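Enquirer: One structure, pasted below without further comment.
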Amino acid sequence: MGRHLLLLLFSILYMLLCQASSSGVFELKLQEFLNKKGVQGNKNCCKGGLTTSYQQCECKTFFRICLKHYQPNASPEPPCTYGGTVTPVLGSNSFQVPDTLPDGSFTNPIRMNFGFTWPGTFSLIIEALHADSKEDLTTENPERIISTMTTQRHLTVGEDWSQDLHSVGRTELKYSYRFVCDEHYYGEGCSVFCRPRDDAFGHFTCGERGEIICDAGWKGQYCTEPICLPGCDEEHGFCEKPGECKCRVGFKGRYCDECIRYPGCLHGTCQQPWQCNCQEGWGGLFCNQDLNYCTHHKPCLNGATCSNTGQGSYTCSCRPGFSGASCEIEVNECTGNPCRNGGSCTDMENTYSCTCPPGFYGKNCELSAMTCADGPCFNGGRCADNPDGGYFCQCPTGYAGFNCEKKIDHCSSSPCSNGARCVDLVNSYLCQCPDGFTGMNCDRAGDECSMYPCQNGGTCQEGASGYMCTCPPGYTGRNCSSPVSRCQHNPCHNGATCHERNNRYVCACVSGYGGRNCQFLLPDRASQIASDVPWTAVGSGVLLVLLLVVACAVVVVCVRSKVQQRRRDREDEVANGENETINNLTNNCHRDKDLAVSVVGVAPVKNINKKIDFSSDHDDLSLTTEKRSYKTRHAPADYNLVHEVKFEVKHEVKLEHAGKETTMANELSDSCEDIKCQSLQDSSECTEEKRRKRLKSDASEKSKYSESRYSESKYSESKYSESKYSDVSLYSESACASACASASTSACVDTKYKSVMVMSEEKDECVIATEV
């Protein structure tokens, strides 16, 4: 037991030491399991019964795998130092082990990862167990064990599988296994780590055993050093990537093998950076002083002799026929045209030669073999004999040459200026001047303003350099031909855009500015809205007050309408049967006037105790009535002892009341016939004849009165609604009074309302009493 514990501790220590530098996987592939009888290791049926000749037990088989360090006598007891696992139920009795299960709970081969160097040996224990159910996979119960298979082997790292077959009792298990390194791990124990990379930490790939293989252009242990350009100076050059050669400070060149001289050094060399070692013949700090100019530069040309005269100076001794500081100029003896009379000159070394035309001879062809007798002069030239022999011609104006054979071209010297055209004359020339210039050679500016060059009303002024136009406002240019841009002086402010339209400018303002030149800052919209709020509130208040006033007016109109409606309703109620008492009135009545107060036919008269106008309305003939007006001879009678009663005639009666009045008139005529008159003094009776006479008299008088009161009738129309019932009553009373006319005081009794009209003959008074 102590030995086993020691081995276990040793294995754990070994794994801890190797874990950080190695990695691999032990793979176990279960292939086939056979349990022909379907019994457990104790030979009992997996379901608890004994096996018989005609019945086979069913063993739901799963496996427990334990991988340990090498043990001569491997024990299935934990711990499993290299790893272990329990599979789900893979089949019953004899079956082929699948690669996977549908639910993904099992993968074949079984992988057990290593974090340490593979030792090369192992112990493998595989137990086949029976499960009562697929969920119950406990391994502690020994009665569930079907068989136990133990293997101790030596195993090298590789991709090849090792096959194995174990037979225990009535069971048989076929399986295979191998140990492979993880990615980037190599070697016999997967202890060599190598991961290919191409970055600042290295540029390499890995070999079969994990060795580093540098990429092209790289070197070093981890391939971090680039290989520079071949030939690059290892001391004075370096490279950051393969194939280049960068020089260190003080060196230059393709291979960084040249030192840099001192700045400004002209004719010197260096052995180390920043030196200036002068070459032979040069001196000074920068080796710029030539101590042997003739040797270094050879400045003298054309065979001249050079002599050094000091630092950077020399003198050339020229050969004949050459001149200049370096004898670079060849002297041409023909430059002065030494040959005369048309002879041609040939330049020779340090001399010249003239080739004379026929008839001439001499070094410069100055002698002629002809005489004046030969007439050699042309174009009117005068011939004269030369005392030395020969002749000479005196040419007229405009001709030249030995024989006056050449016509002089006066325009050959281009005497005309300012683009004038030159015309050659016999003895002179003529310049045709362009506009604006005068003079023989067209060199003077003429009167240019005479050509009116200034346009658009400009004023022309002559000047020394030509004319000048003073332009009117709106135009510019030399001739005032260009209109001035209105936008030229940028009249628009605050970033606005200027546009020209119809000889004026328009400014397109940016947002927030206004005015002709966009010079005004417009108020912010939010502040403007805020400033509008009080005026909105005031306007809302005024509108609310107006609505309230209108509402009050509507209410007042409605109330007044209801009051008038109620008044009409009360009058209708009175007309339907209510009796009111009319106070005794004292009136000055005249029998010749149809003045009476009637209470017959329509409704009782109210006691209103105030002056009131009585009017009677009569419509057209279709209503069988006519308008009438009554007026007393004296002051009108008043109710309640009031001394005036006015009678007015309506000229317009509403159609809705016409029917009522017509009915009242009919009732009046019927009632008056039934009135019985009694004399208060002598008890005389009214006759029908007297009543008719009285009615005729009244009718004529009413007609006259109607015409005189026509203007007053309009005023009575406005009061028709308030006095319509009183007017009808007056009409009825008048008719009744006429019917009851008598010489003596008489009384009229209204049989319907039991009213009595008393008329006094002496005072012409009418007293009306109503019995209540």
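From the backbone N, Cα and C atoms, a Cβ is placed for every residue, glycine too.
Look at Swiss-Prot and you will find 696-722 tagged as compositional bias 'Basic and acidic residues'. Here Swiss-Prot flags C232-C245, C259-C270, C334-C345, C339-C354, C356-C365, C377-C393, C411-C422, C416-C431, C433-C442, C471-C480, C487-C498, C509-C518 (among others) as disulfide bond, drawing on similarity to another entry. Feature annotation from Swiss-Prot assigns domain 'EGF-like 1' to 225-257. According to Swiss-Prot, the domain 'EGF-like 7' annotation covers 445-481, on the basis of sequence analysis. Annotated topological domain 'Extracellular' per Swiss-Prot: 21-536, in sequence order. Look at Swiss-Prot and you will find 558-772 tagged as topological domain 'Cytoplasmic'.
Structural setting of the listed features?
Expert: DSSP assigns C245 (disulfide bond) to coil in the three-state reduction, outside any helix or strand.
In the three-state DSSP classification, C259 (disulfide bond) falls within a strand. In sequence order, G250, F251, K252, C270, Q271, Q272, P273, Q275 make up the list of same-chain residues 6 or more apart from C259 (disulfide bond) whose Cβ falls under 8 Å from its Cβ.
DSSP assigns C334 (disulfide bond) to a helix.
Its Cβ placed at the centre, C354 (disulfide bond) has 21 other Cβ atoms within 10 Å. Mapped onto three states, the DSSP output places C354 (disulfide bond) in strand.
Around C365 (disulfide bond), the C-beta neighbours below 8 angstroms that are at least 6 residues distant in the chain are C339, R340, N341, G342, G343, C354, C356, P357. Reduced to three states, the DSSP call for C365 (disulfide bond) is coil.
C377 (disulfide bond) has a Cβ environment of 23 other Cβ atoms inside 10 Å.
Secondary structure from DSSP puts C422 (disulfide bond) in a beta strand. For C422 (disulfide bond), the same-chain residues that are 6 or more apart in sequence and have a Cβ closer than 8 Å to its Cβ are H410, C411, S414, P415, C416, Y429, L430, C431, Q432.
For the recorded site, C416 (disulfide bond), the DSSP three-state label reads coil.
Secondary structure at C433 (disulfide bond), as computed by DSSP, is coil.
DSSP gives C480 (disulfide bond) a coil state; it is part of no helix or strand.
Look at C487 (disulfide bond): DSSP puts it in coil. Within 10 Å of the C-beta of C487 (disulfide bond) there are 15 other C-beta atoms, taking all protein chains into account.
Under the three-state DSSP scheme, C509 (disulfide bond) falls in the coil class.
If one looks beyond the domain 'EGF-like 1' (225-257) by at least 6 residues along the same chain, the residues whose Cβ comes under 8 Å of a Cβ in the stretch are 216-219, 272-274.
Within the model, the domain 'EGF-like 7' (445-481) carries an average pLDDT of 80.
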Enquirer: If you measure from the Cα of C232 (disulfide bond), which of the disulfide-bonded residues C433, C509, C518 is the nearest?
Expert: C509
Enquirer: From the Cα of C442 (disulfide bond) across to the Cα of C245 (disulfide bond), what is the distance in angstrom?
Expert: 73
Enquirer: C-alpha of C498 (disulfide bond) to C-alpha of C377 (disulfide bond): distance in Å?
Expert: 82
Enquirer: In sequence order, what residues of the same chain, 6+ apart, have a Cβ less than 8 Å from the Cβ of C509 (disulfide bond)?
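Expert: In sequence order, C492, N494, A496, G515, C518 meet the Cβ cut-off.
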Enquirer: Could you give the Cα-Cα distance between C433 (disulfide bond) and C480 (disulfide bond), in whole Å?
Expert: 25
Enquirer: What is the interatomic distance between the Cα atoms of C393 (disulfide bond) and C345 (disulfide bond), given in whole Å?
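Expert: It is 22 Å, counting Cα to Cα.
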Enquirer: Taking just the CA atoms, what is the gap between C377 (disulfide bond) and C487 (disulfide bond) in Å?
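Expert: Their Cα atoms are separated by 77 Å.
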Enquirer: Between C480 (disulfide bond) and C334 (disulfide bond), what is the CA-CA distance rounded to a whole number of Å?
Expert: 59
